[in-house]
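Annotated transmembrane segment per TrEMBL: 38-57, 93-109, 157-175, 182-202, 217-239, 360-382, 388-407, 419-438, 458-477, in sequence order.
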Amino acid sequence: MAEVKPEEISHPPMEQLQGFEYCIDSNPPWGEAIILGFQHYILALGTAVMIPAVLVPMMGGDDGDRVRVVQTLLFVTGINTLLQSLFGTRLPTVIGGSYAFVIPIMAIIQDPSLSGIPDGHQRFLETMKAIQGALIVSSSIQIILGYSQLWGIFSRFFSPVGMTPVVALLGFGLFERGFPVVGRCVEIGLPMLILFVVLSQYLKNIQIKEIPILERFSLFICIALVWAYAQILTSGGAYKNSSEVTQNNCRTDRANLISSAPWIKIPYPLQWGAPTFNAGQSFGMVSAVLVSLVESTASYKAAARLASATPPPAHILSRGIGCQGIGILLDGLFGTGTGSTVSVENVGLLGSTRIGSRRVIQISAGFMIFFSMLGKFGALFASIPFTIFAAVYCVLFGLVAAVGLSFLQFTNMNSMRNLFIVGVSIFLGLSVPEYFFRYTMAAHRGPAHTKAGWFNDYINTIFSSPPTVGLIVAVFLDNTLEMKDAGKDRGMPWWLRFRAFKGDSRNEEFYSLPFNLNRFFPPA
């Protein structure tokens, strides 16, 4: 048997993923772009509906309040997405609601001065105004860290070895929103999962007029088919004798969004009243802002790879974080009930469709703004059972995690140092948040339970985030463990030239501001 050559059993590292017909600055035809943008809009509905569905009833709000919060969150998501794609990192990312803010928001909801208000609607309004005040104050952290370039300076401690666990945990850390949710209504979730995999992967080469229609539009096709199937089951009485939990997860008529939504309603700043400010609540909210910062940084790294762009330089990363801080400020002014971060599922959809076009994301932002004002039409799409989204998450979150692992190709994985850093960081990034989650579910409070509420929020929020735990462990180990002569093993020869905007000629093509604004804001 002939001796196998090394080049026959290994693949050379590749800076940009192959097989993307449209990358960050190339655009599909308008017809395709509109359908692809609508897919991103539909996908963003999962988080936009779920967060208010959990928080608004606890705040004392009714179905009408919940609909208004969903509309507001979608409206601001559209604005923030446009701002980020035009003046932030310029990557094709959707900036939507974040679960990272739930813990400090829950602390505000449970504040005795608010929870003791007897009237439900009044309690909702006062709680919303307190959340707004905390978001407005805490947003300054990202604005300062971003536009002062402090986050860009800190990012110089990053390397491919250090960022691999962080980006991987961005996907792996969301496993609770995958199959555990699918299992709540397996007769809808499992067919959706199987159909999505079959259409987007096994049948992706089927073309109509030279367009791989099943690969690019599989999400839209699958949701339409399974949603119709779920409607048939609901209308046929399949869940008539089922438990309340099963009906809430399976039926298509339990959201009560369409009947509660107005025909036309335009969200506007301070629509709930003047925000109220509390130092302790604001300090607690800062923890969620920091978690959002870390998760978004990892998302930008993944989105750049899935858009066939170069890794965002330190200056661009800081610009994006500053712009996201403005987005959280808008969340506080409009009253979305939560803060913002990059939507991980929409990053995954870039890879599933193999379309990384910036224009597609901007079109999706237009859909978000348009349908958030047309209440009834937006509520129709928002009534899709969350189980359907969870089935899609199983694929898209896994895809984002794999993108994180792909950074290992630039490192030496025969180094025990690198194996230790990556393995320990991923394990602790999953294990520590799981401990916090299980403790909270059992004790109905986080492990940190002192008299200082803001301190509790800090500990419980930061260590409940897998990417944040991964960043703390990985960056610390990578910059303290056997640093001498480890640069090549860490992947730094490849990584260093992307730190500066002028380090690679392609950066100007991908990240320059529109309207020739680089004349006034020259990149470092």
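Glycine too: its Cβ is placed from the backbone N, Cα and C atoms.
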Proximity verdict for the transmembrane segment (157-175) and the transmembrane segment (458-477), three or more C-beta pairs under 8 Å: yes
Tertiary contacts of the transmembrane segment (182-202) (same chain, 6+ residues out, Cβ under 8 Å): 214-215, 218-219, 221-223, 225-226, 229-230, 233, 245-246, 249-250, 352, 385, 387-388, 390-392, 394-395
Interface check, the transmembrane segment (360-382) with the transmembrane segment (38-57), three or more C-beta pairs under 8 A: yes
Interface-richest range of 38-57, 93-109, 217-239, 388-407 toward the transmembrane segment (458-477), CB pairs under 8 Å: 93-109
Annotated stretches the transmembrane segment (217-239) and the transmembrane segment (388-407) touching (3 or more Cβ pairs under 8 Å): yes
Region pair the transmembrane segment (93-109) / the transmembrane segment (38-57), three or more CB pairs under 8 Å: yes
Non-local residues, at least 6 beyond the ends, that sit with Cβ under 8 Å of the transmembrane segment (388-407): 17, 43, 45-46, 160, 163-172, 174-175, 177-179, 181-182, 188-190, 192-193, 196-197, 200, 219, 222-223, 226-227, 230, 298-299, 301-302, 305-306, 344-345, 347-349, 351-352, 491
